[in-house]
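S.K.: Relevant sequence annotations retrieved from TrEMBL are reproduced here:
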- 47-176: domain 'Enolase N-terminal' (DOMAIN)
- 184-404: domain 'Enolase C-terminal TIM barrel' (DOMAIN)
- Asp252: active site, proton donor (ACT_SITE)
- Asp287, Glu336, Asp361: Mg(2+) binding site (BINDING)
- Lys386: active site, proton acceptor (ACT_SITE)
Amino acid sequence: MSVQEYLEKHLLPRKIEEAVNAAVRAKADDPVLFISTHMRRAAPTVITRVCARQILDSRGAPAVEVDLHTNKAVHRASAAGPGAPEGGAVDAVRDAEKRRLLARAVADAVLLINGKVSEALVGMDPQQQAQIDQAIMDLDKAHHKTEIGANAMLAVSIAACKAGSAEKEVPLYKHIADLVGKSATTLPVPAITVINGGTHAGNSLPIQEIMILPVGAKNFEEAMQMGSETYNHLKDIIWEKYGSDSCNIGDDGGFAPNISSITEGLDLVIAAIDRAGFNGRIKLAIDVAATDFCVGKKYDLEFKSAKKSGQNFKTADDMIEMYSHLCSEYPLVSIEQPFDKDDWEHSKKFTTLELCQVVGDDLLMSDPERIKRAVNEYTCDALALKSRLIPHRKGSGIRHFLKLEQGMLNFE
């Protein structure tokens, strides 16, 4: 092939002329840099390979990290171990055997991503998120995506999404909004964990988390500032009341004072909100994680206590009465997993009271069929969205919820 034929085949004269004209119009100080950047942007972006590796998450558990290479850049994302069960079981991966099995699952997922997944995605446009996700899912025929692992697949998907937003030169949230056809976007209110209990802490508090929601903030930055100030005032209050050894933190960064009463924990948080000067501007939420202490059809609120009084073994109807009382006495606007994962009856019964937002977690198991059932039967009205991204360091946990509506999911 002659030089002229090569130039004409790739339309180089026209492309170079367009780049030069753009540099002249922009009056670029460095025309060579401008032209090279312009030419780079003009070239279509394609995925060239996907590389995965094992990392450790903030709790020291094996996890997957992915580098998605394009012909222009590298985009990285990470997620919790592949194929890990939802809820408390994955959050409490502590013993050596579970860690060994999870490490093996991560190693297997790494091999699959570096092989089959990478081969399937090479040459694809990272802006075509739906096609990329479908290509990944087609490689794993298991119902719960256990061959590659849902979380490992998620890491690849997030990395591709980052590549797509970079190609469009828009923020990631804007790219995601475009993908789902949303022109207007609203930042969610963060749910910040401030007290841990349940299987996430070594105290006697039965419920897993107490969270604060800075609903009175003007923007996300102010919401996080309000959360930070309240969190630190809470530390002072716990120190003053229980001593310095009660300021240790649980798995999600909330304090873990040795309390056993839900109301005692809520009172501590209310005192911190008051001391921070945010009365009326911060609401409360709790994650009960009731599956962890459901025994038969009853709930043992003393499941962590060495000396059980026998007075806190409650029926599901007793739990509804307790939640109703908490909603009337405290600015409690959200309760997550208030009943066992298979107790659809009482979850629906409580949700229909409309006392607060009822968030499904173990009830839904991130399973599309269970989510559809919850929507149709009004068993809960929100779900916990678990992207399971790995934080750079351990701190107060931040959660986001999706509102469940008939036939669709909307951010609230």
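Here the Cβ of each residue, glycine as well, is placed from N, Cα and C on the backbone.
Automatic prediction, not curation, is the source of TrEMBL annotations.
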S.K.: C-alpha of Glu336 (Mg(2+) binding site) to C-alpha of the residue listed as 'active site, proton donor': distance in Å?
M.R.: 15
S.K.: For a three-state summary based on DSSP, what are the helix, strand and coil counts in the domain 'Enolase N-terminal' (47-176)?
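M.R.: Breakdown, helix to coil: 64 helix, 26 strand, 40 coil.
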S.K.: Relative to the mean position of the Cβ atoms of Asp287, Glu336, Asp361, the recorded Mg(2+) site, which additional same-chain residues have Cβ within 8 Å?
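M.R.: In sequence order, the nearby non-listed residues are Gln208, Glu209, Ile286, Val288, Ala289, Ile335, Gln337, Val359, Asp362, Ala384.
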